[in-house]
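Here is what Swiss-Prot says about this protein:
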- 1-242: region 'Disordered' (REGION)
- 9-22: compositional bias 'Low complexity' (COMPBIAS)
- 29-42: compositional bias 'Low complexity' (COMPBIAS)
- 53-73: compositional bias 'Low complexity' (COMPBIAS)
- 91-105: compositional bias 'Basic and acidic residues' (COMPBIAS)
- 108-117: compositional bias 'Polar residues' (COMPBIAS)
- 125-146: compositional bias 'Low complexity' (COMPBIAS)
- 155-168: compositional bias 'Basic and acidic residues' (COMPBIAS)
- 175-184: compositional bias 'Polar residues' (COMPBIAS)
- 220-242: compositional bias 'Polar residues' (COMPBIAS)
- 372-425: region 'Disordered' (REGION)
- 405-414: compositional bias 'Polar residues' (COMPBIAS)
- 415-425: compositional bias 'Low complexity' (COMPBIAS)
- 439-751: domain 'DOT1' (DOMAIN)
- 450-469: region 'Disordered' (REGION)
- 556-559, 579-588, GLU605, 642-643: S-adenosyl-L-methionine binding site (BINDING)
Amino acid sequence: MINFFGGKAPTAAQPASSTSTAVNGARFASVSTSSSASASAAGQPPLKKTKIAPSPVTVVTTVKKKVAPPTSVEPRDPIAALSGYNSKNALPEEKRRRIIEERLAAQRQKSIESSLEAQLRAPTKSLSKSQSASSTSRRSAASFSKPKTKKPRKKVVDSDSDHDEFGDYGKSSRKPSTAPSTPRASKRTSVDPHPTSDSYQKVGRDGVQPNYTVPRDIRASTSPTNTTAIPIDTQSRPSKPISSADIVTANIKNYGPYFNGLGDAPRAVLEYPGTDASEEFLLLVPKDADEYDPLMELLATVRAIVTHYLTPEQRKAFGSLDSLEVSNNAGMILPSATHGASASTSAVCNMVAALTDSNGINGARAKSADLLDGQGSKAERRNHLVGAGTYKDTGSMTPEPHANGISQTAPVSPTSQTSGISASAGGSSVAKTVLVNNALLRLDSPAPTELSVASDHSSTPAASCGTDPDSILRSFTKARNRRDGPLFMRTLARFNSALAALRDTGALAANIADLGSCTGVPEGIWRLIQDQVYARVVGPRVEELGRYQAFSDNVYGELLPRFMSEIAQLTLLGPEKVFVDLGSGVGNLLIQTSLQTGAEAYGCEMMRIPASLASQQVVEAQLRWAAWGLRGGSAIEAWQGDFGDHGGVRDVLKRADVVLVNNYAFLPKTNENLSLLFLDLPDGAKVVSLKPFVPPDFRLTQRTLSSPLAILRVTERLYTSGCVSWADGGGKYYIQEVDRSLVREFLQNAGAATRAKRGKVSEGDDTVAASDLMVGQDVRRKRWKAALQDDDEDDDEF
């Protein structure tokens, strides 16, 4: 720049460093501008505008320096690293190494002992630590490709710590076991904390077989069975079972007629396989399905006799079993008996009047019509029905009453009745005469109407000649379906005649003997007999069984026949065995067990009404067994009282083989008192209950050694539907077997452990004495030091 005053313009100062910024240039420009302004203000001529140099460019240079690696440090001695000391140590090198090696050896020995102990506690562990360590390198490569499957941990049940002085017998008597773990991805389910062990097993339904029978001699004996179950209401033992007609008569208002042509209260007699055994039935049907159905029972009895008491050759004379239909007939009362209230009332009055005339009210058997009617009354009734000269040449004889007092209301074979009829008589007169003869044998029923005579005449052509073309079983079904009363009575007479012929010749007795030696009493027989006994004794008083105190030991519930049959099969009940039911109720299981297996049966019930019914059922069952030609066990008794105080229960438990306790609703105190009775049971006896007496976590130790539960070995089982009366579904029940070997083994091993401990003490007497001396010296030394400290403290205080 040129200066007009002859001087040079001041040169711009060079930047001090290459990193100067444009801000400095701007600062210089402002300075020069201010100086020129000041010069113009001083009167000097204006200067030319100077050119500003461009701002310098900033250049950033990055320099990379190579850092030298750190100096390598020599690795430390592994033994020195383990010991924590530096190489420079006060101890000599050899001694220091020896100490470290001994420490490592002790650690290895300790790890080996711990692994062995873990293997003994968990024997299912497959891999040891050494094997798992050697295979870790091989699994590490595969771990990147697929995820590891985590094994469930096994829970080991340890023993009690306060009984180590008895060796292994301070532990539980049951083997330790593991509980299954729940998968992490699944929902949490209930885990059984008490799995199967030697003393507690869960077998479910294994070994259960249907239709348990015991081959034995089942023929009825002439000597009465030993029993003390005498009915409370009567002092003398009845000689005959309660008939079906007696049960219906006592509740006649709930029944109505079923057959046409038989009147309001028709009676029929059914022959049984036993000697001179028969039963009287009223051929009526109930209005309600819950009531007793006499017609269905009669047909069921016929079917059972033909099925089980006859050989295939003998069965041909009765017909095919498929042709006999047995079903409930409740509510199927004749329409004529239900037209209006007046008709129903008159029908009931007629039935009551007929039953009163036959002396059938209140359980008394109807007398024979021949005993009620004289010759004059019979002649008058005959003349009223068919005229004076129609019957005098027939030659028909009215059958004599049975020696047992039961009226023979069912006619004998129609062929014998019509053998003396004149050949000149027409078909209508013959049919009418047959019907009149039937009516004469049923004098408690009204005379048949003309409609019934016509229906009887037009039923089949063979009926006019006194024979039926169908078999006996088929005729029963046809008469029931058609409501044909006369046909039903003729068919029943044919059945009685054929069965009596087999009974009189001894064929039925031989069949019963063969049946007993092959299979014993079939299920179809003992079930039917038990239903008959229950319907006659318990059925009329079933409402009284509901009178009990709720939430007490007297809550009533029954075990059904299917359940008892399963228990008998699993416990191998049979002859020469003793069965005891504690809380026997009405005695159903006593009756079933005695007849099905032939075992002695004893029961005890606290409540008065069920105990009374049980006594009556036992008597009725024995009478019915004789009617069927059968016999039960050698003894059957039902007692009333508390089984904890009853003397008979104490005596019979000493030789019992199976004890049944329905303790489903028992209080805990009752179960505890009941378990004390099990101490009298012999080895091998089984206790069946619905609640376990031995909990699954029971442990046999010195504390529980005196418990009555220590001698029981438990098996948990499952029952299905149809086994109990209070629930439709299934449940659990328990069979506890008396096994005193558990306690004996415990005591033997505990004694061996004690003797071994005493032997160790005797061998180390010197060591023990020396150790006692050292302990004594140590104690005296501590006391001397404490005394010195006390003296020092006293001196300080002074």
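Including glycine, each Cβ sits where the backbone N, Cα and C put it.
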These are the binding-site residues: ASP581, ASP642. Which one scores highest on other Cβ atoms within 10 Å?
ASP581
Cβ contacts of SER584 (S-adenosyl-L-methionine binding site) (under 8 Å, same chain, 6 or more positions away):
LEU590, GLY603, CYS604, GLU605, PRO610, ALA614, ALA638
Proximal but sequence-remote residues of the same chain as LEU559 (S-adenosyl-L-methionine binding site) (Cβ under 8 Å, at least 6 apart):
ASN588, LEU589, LEU660, ASN662, CYS723, VAL724, SER725
Applying a 10 Å Cβ distance cut-off over all chains shown, what neighbour count does GLY587 (S-adenosyl-L-methionine binding site) have?
30
Where does LEU559 (S-adenosyl-L-methionine binding site) sit in DSSP terms: helix, strand, or coil?
strand
Per-residue pLDDT averaged over the domain 'DOT1' (439-751) comes to what?
86
For the compositional bias 'Basic and acidic residues' (91-105), give the DSSP counts of helix residues, strand residues and coil residues.
13 helix, 0 strand, 2 coil
So, by DSSP, how many helix, strand and coil residues make up the compositional bias 'Polar residues' (108-117)?
10 helix, 0 strand, 0 coil
